[in-house]
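Reviewing the structure listed below.
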Amino acid sequence: KEGYIVNYHDGCKYACVKLGDNDYCLRECKLRYGKGAGGYCYAFGCWCTHLYEQAVVWPLPKKRCN
């Protein structure tokens, strides 16, 4: 599974500026989803890869980004 890492409080994606390989996105994806996850900046949001099927990613049901 893949997807944008999401802030549970506001429903927004984790933003990033440096597209492609991005240490911030990689670190945040690993913190949220475990050591096996990958991450990079895609379309100014942190995109996480190699996730488990039940991983919660953006968009959150019934929670819109404010």
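Cβ from N, Cα, C; glycine included.
Only one of CYS12, CYS16 is recorded by Swiss-Prot as the disulfide partner of CYS41: CYS16. The record in Swiss-Prot lists a disulphide bond between CYS46 and one of CYS12, CYS25, namely CYS25. For CYS29, the partner cysteine in a disulfide bond according to Swiss-Prot, taken from CYS12, CYS48, is CYS48. Mapped onto three states, the DSSP output places CYS41 (disulfide bond) in strand. In this structure, CYS16 (disulfide bond) belongs to neither helix nor strand by DSSP; it is coil. Under DSSP, CYS65 (disulfide bond) is assigned to coil, being neither helix nor strand in the three-state scheme. When the disulfide-bonded residues CYS16, CYS41, CYS46, CYS65 are ranked by how far their Cα is from the Cα of CYS29 (disulfide bond), CYS46 comes first. In terms of local Cβ density within 10 Å, CYS48 ranks first among the disulfide-bonded residues CYS12, CYS25, CYS48, CYS65.
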